[in-house]
């Protein structure tokens with residue numbers, strides 16, 4: 001079996017209309033009349049693949065919805081509705097469903113979205129969650145992955161690596177602060193920030209596959225390269241402590257995934273504006289590098305030595 | 001575990017906004033500006049639950065999309081886009097995906113819709129397909145399940161029971177015409193008819209759970225009862241032959257499900273208009289009964305004796 005991206009390119013892109021944006025963005029832009037575009041995203045969350053299965057059902061639900069809202073945030077959309085597909089084994093206790101619903105409630109209240117439909121079915125084994133989320137924005141203002149140009153600054157929100165370190169904690173491989181585990185289980189999509197980046201960011205993606213992988217998606221879609229300074233990567237206090245103690249944990253920061261931060265590019269003249277946006281959103285924004293000519297995405301140390309080149313990040317079937 | 005409807009009512013309906021229509025319809029009506037409503041539906045299709053697994057992948061894909069288009073047809077919407085979530089085992093041969101995509105192609109071309117996004121992931125076991133489909137119609141013209149009133153005629157399109165008989169053939173329980181098997185594997189949603197029923201039908205549902213079950217959904221939502229004449233139920237020649245030979249097959253006709261016909265109600269004064277619609281759509285429409293006061297849905301024989309009362313049809317977890 002080919003990798004996920006190859007499968008999509010080979011079999012599904014030929015089926016896609018213009019709203020599907022070639023299926024290289026995580027959301028579709030459906031033009032509706034009245035000056036607004038409707039932005040739609042859809043993620044499947046599979047037990048044994050995206051989650052272990054013994055996490056609290058509230059956390060599974062929160063994350064399933066939050067990752068969709070993160071996709072909308074990366075487009076600059078204001079989220080509004082979501083549709084839930086839930087497939088679960090008949091022997092799953094009803095209490096599990098109740099806890100699952102309470103997790104959805106918590107997440108939808110936190111981000112001001114509402115359930116609007118869906119489907120509930122049995123499964124032969126394990127839980128599968130399918131969420132389709134919708135948001136809107138003024139017509140023509142969606143932030144794509146393809147607008148980065150040479151000389152743009154590269155920014156990332158919040159902090160990186162917490163979720164990957166938290167996953168190691170959940171798996172019993174690392175003893176660390178509970179805040180990191182919570183970061184893995186209950187990501188906070190940058191919904192407010194994303195909307196403020198409309199007209200400011202030239203390209204944007206959410207950090208789900210890992211910083212370098214997602215920045216690599218921007219570079220591939222924009223036809224550019226990137227240089228990222230490792231010393232600029234923003235770490236939480238907890239993550240800095242762990243990475244300072246064991247430098248083998250560094251890949252959690254730049255390739256770990258599940259951060260659900262926004263990585264975006266912007267022209268240099270937006271720098272002051274971005275300081276104000278960071279303040280207004282109460283979200284730290286760190287300039288981590290610059291867009292260059294070429295097609296490679298390099299992470300370099302303070303001496304300019306290559307630490308890591310972008311790789312594809314996680315792909316199913318690989 | 002409670003039944004599917006109870007689970008939805010208990011856990012998900014409290015989360016639903018007004019667009020979700022109380023989650024008793026299979027589609028959401030999202031008002032967008034500009035005089036159009038966007039209609040959205042979402043179905044999960046699970047291997048070992050909704051399909052056996054050894055059907056041709058083209059047929060699995062066709063049906064997965066067609067059942068969503070059938071939901072849109074029942075609302076009177078013109079379908080436009082769909083989103084695909086596909087979760088499959090890593091050891092599934094790539095040829096399966098190719099065949100699956102060709103089935104999608106066939107169905108989307110047949111009904112004029114386009115893929116607009118989605119998600120492809122691994123699964124731990126079996127294939128799960130999640131499709132979210134969208135259509136539109138003039139604002140405020142969606143056909144609901146709740147508009148049937150006493151004295152309305154009850155109509156059904158096409159013929160009933162073919163798919164249920166075809167399933168018995170697929171399962172090796174019955175030897176019958178290949179056309180019936182095809183009817184089970186490749187349902188033809190009544191996309192054109194549905195749109196012509198806007199402003200004509202007072203209530204509509206597609207026949208997925210079985211005629212009496214889906215008419216029962218209309219009756220429950222409308223607060224009425226129904227009397228259906230068994231002698232009026234439309235049968236294909238193949239089905240009539242089988243049922244004539246073995247009357248134990250009758251439940252395939254009125255409770256079998258998977259027909260993807262439309263069952264709808266209309267005021268008596270629409271009778272002539274419906275004759276023209278049937279002709280224009282080239283779809284037979286049969287008047288099969290009448291809406292009555294009460295809350296029961298009865299199937300009666302020519303002597304007026306009760307053959308069957310509506311039951312719930314298939315429910316997951318039951």
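Backbone N, Cα and C define each Cβ position, glycine as well.
Predicted automatically and left uncurated, TrEMBL annotations should be read as such.
According to TrEMBL, the protein carries these features:
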- B:26, B:41, B:71: Mg(2+) 4 binding site (BINDING)
- B:26, B:71, B:206: Mg(2+) 3 binding site (BINDING)
- B:43, B:119: Mg(2+) 1 binding site (BINDING)
- B:43, B:71: Mg(2+) 2 binding site (BINDING)
- B:50, B:258, B:314: substrate binding site (BINDING)
- B:118, B:119, B:145, B:208: ATP binding site (BINDING)
- B:209: Mg(2+) 5 binding site (BINDING)
- B:25-136: domain 'PurM-like N-terminal' (DOMAIN)
- B:150-297: domain 'PurM-like C-terminal' (DOMAIN)
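For the binding-site residues B:43, B:71, B:119, B:258, a Cα to Cα distance of within 10 angstroms from residue B:208 (ATP binding site) holds for B:71, B:258. Around the Cβ of residue B:206 (Mg(2+) 3 binding site), a 10 Å sphere holds 26 further Cβ atoms from the protein chains shown.
Spacing of residue B:206 (Mg(2+) 3 binding site) relative to residue B:118 (ATP binding site) is 25 Å (Cα to Cα, whole number). In this structure the residues listed as binding ATP are B:118, B:119, B:145, B:208; their two most distant Cα atoms lie 31 Å apart. Looking only at the binding-site residues B:50, B:145, the densest Cβ neighbourhood within 10 Å occurs at B:145. Across the domain 'PurM-like C-terminal' (B:150-297), DSSP assigns 70 helix, 28 strand, 50 coil.
Proximity to chain A, taken as a Cβ less than 8 Å from one of its Cβ atoms, holds for B:41, B:118, B:119 among the binding-site residues B:41, B:118, B:119, B:209, B:258. In this structure the alpha carbons, written CA, of residue B:43 (Mg(2+) 1 binding site) and residue B:71 (Mg(2+) 4 binding site) are 9 Å apart. Secondary structure by DSSP for the domain 'PurM-like N-terminal' (B:25-136): 37 helix, 49 strand, 26 coil.
In the three-state DSSP classification, residue B:145 (ATP binding site) falls within coil. Sequence-distant contacts (6 or more apart, same chain, Cβ under 8 Å) of residue B:118 (ATP binding site) comprise B:83, B:84, B:85, B:86. Over all protein chains present, the Cβ of residue B:43 (Mg(2+) 1 binding site) has 23 other Cβ atoms lying within 10 Å. Nearest neighbour of residue B:119 (Mg(2+) 1 binding site) by Cα distance, taken over the binding-site residues B:41, B:50, B:209: B:41. With all protein chains in the displayed structure included, the most crowded Cβ environment within 10 Å among the binding-site residues B:71, B:119, B:258 is that of B:71.
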